[in-house]
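Student: The structure's right below; bear with me while I get my questions together.
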Amino acid sequence: MERAEAYGFSGAMSAAFLLSCLLFAAVSRRQRGPYMDEVFHVPQAQAYCQGRFLQWDPMITTLPGLYLLSVGLVKPAAWLLGWTGRVVCSVGMLRFINLLFSAGNFYLLYLLLFKIHQKNKAVSGFQRILSALTLAVFPTLYFFAFLYYTDPGSVFFTLFSYLMCLYGNHKTSALLGFCGFMFRQTNIVWTVFCAGNVIAEKLNEAWKTELQKKKDEKISSRKGSFSDLTRILQFLVQYLMSPKNLVTLTALTWPYIVLVSLFFVFIFINGGIVVGDRSSHEACLHFPQLFYFLSFTVFFSFPHLLTPTKIRKFLLSLRKHPVQYGLITVISLFLIWKFTYVHKYLLADNRHYTFYVWRKVFQRHELVKYLLVPFYIFAGWSFIDTLKSKSIFWILMYFVCLLAVTVPQKLLEFRYFILPFLIYRLNVPFLSLYRQLLELAFYILVNAVTLYIFLNRTFQWENSDEVQRFMW
């Protein structure tokens, strides 16, 4: 990092943290007590603060990573600063931990962008700082920096694990992956992703050697054609059938294999992935979640995905391959018809934006969910097109992880999309400076609107005196 870039990054991070502290103070003044899921998280953390480690709220569905880390941070700080009484593990103190995680995420995002795009000499230090700032204030994640939720810590340890993986520190990466798993069990998928990164790199090296042998360079330049995909899959099967290759890959990824093995032991002992209340978190094959994720990604990455050039290229591709797109349309319609699920929380809880998205869009008419298929197909094509700089093996590995982390979820919840979105955005090419500024401005606007609504547009339910607030 050059000195000017280091100063620029320090300034941007300091300014962002100062602004976040001011917003944090505003949120804490307006909402002093626990709100929404904090009703479960805060008392559990406070019980741990008081040494009651055997106490557990059965409504909590995640492992105790957040509470253990909170005690590990707050207790030493209280001892050093002489805090006593209510201030120790108060709601405000616990929330502040997520503000620290938010700052840590900013730093990790910058380091990841630097590492992933280090070969692109055309990218300036200012662009890296701007992109890191944009992702650090990604609305669905940034909002929870002001509440005591698992999301900021979950993202922090997962991004840290990914960074260590890219630098080849796989034992450290697996250990950080375990920390992420302790915040949210589904983060085990991103441990598999880190292992997949290593495997994809080896596969890509072997594939390039294969191409050189056959002197058939045109294969690599036509990733999208069906025949090339078939040849790649054949190569993949042959490579993985070799005992020598399997031994090599195992030697490289054994820390991740150990962690995934421990995950399966946990599943066996626990009787499932969810701890606590399982009635509202049953796994199912909810394939339309992939379509919702693609729509979510288009909305938050429209400078990347929704451009006139992209639309023209898509229409040209549609004209060239009508049979393939026809088949994709039929499959999409079938998946929506047979595998659409509506969680009871989605219909009942009018404090979340997903409630209004579902009511205003999908509940307007039974046919709406089918009429959106052309948009889903465009979103999927544009999404893949932005990843064309990555190897085909990386793309396959990412999509396997994306399916694993989204499809089993019955509830449509934007928070479930945070990590797959960030991994995607970190790996797409940099935009022009104008489009980067447009994306940042859009995120700032969304944050301003959602925080304003949360703080000022309160309401009450008929059967309750408690103040209710709108949130992600």
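Heads up, the Cβ atoms here are built off N, Cα and C, so glycines get one too.
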Student: Among the residue ranges 289-306, 415-432, I'd like the one that TrEMBL describes as transmembrane segment.
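Tutor: It is 289-306 that TrEMBL describes as transmembrane segment.
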Student: Quick one: find which recorded stretch in 93-114, 126-149, 155-183, 367-384, 391-408 has the most Cβ pairs under 8 Å with the transmembrane segment (60-81).
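Tutor: Selected stretch: 155-183, with the most Cβ pairs under 8 Å.
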Student: When each of 93-114, 155-183, 327-347, 391-408, 440-459 is checked against the transmembrane segment (289-306) for Cβ pairs under 8 Å, which one has the most?
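Tutor: Ranking 93-114, 155-183, 327-347, 391-408, 440-459 by Cβ pairs under 8 Å to the transmembrane segment (289-306) puts 391-408 first.
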Student: Which range out of 6-27, 155-183, 391-408 gives the transmembrane segment (440-459) the most CB pairs under 8 Å?
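Tutor: Counting Cβ pairs under 8 Å, the winner is 6-27.
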Student: Do any residues, 6 or more residues outside the transmembrane segment (6-27), come within under 8 Å Cβ-to-Cβ of it, and if so which ones?
Tutor: 95-96, 99, 102-103, 106-107, 110, 125-126, 129, 132-133, 136-137, 145-147, 451, 454-455
Student: Apart from its near flanks, which chain residues at least 6 from the ends of the transmembrane segment (93-114) lie with a Cβ under 8 angstroms of it?
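Tutor: Residues 1, 9, 13, 16-17, 20-21, 24, 27-28, 41-42, 45-46, 69-70, 73-74, 87, 128-129, 131-133, 135-136, 141-142, 144-149, 151-153, 155-156, 159-160, 162-163, 166, 422, 426 contact the transmembrane segment (93-114) from elsewhere in the chain.
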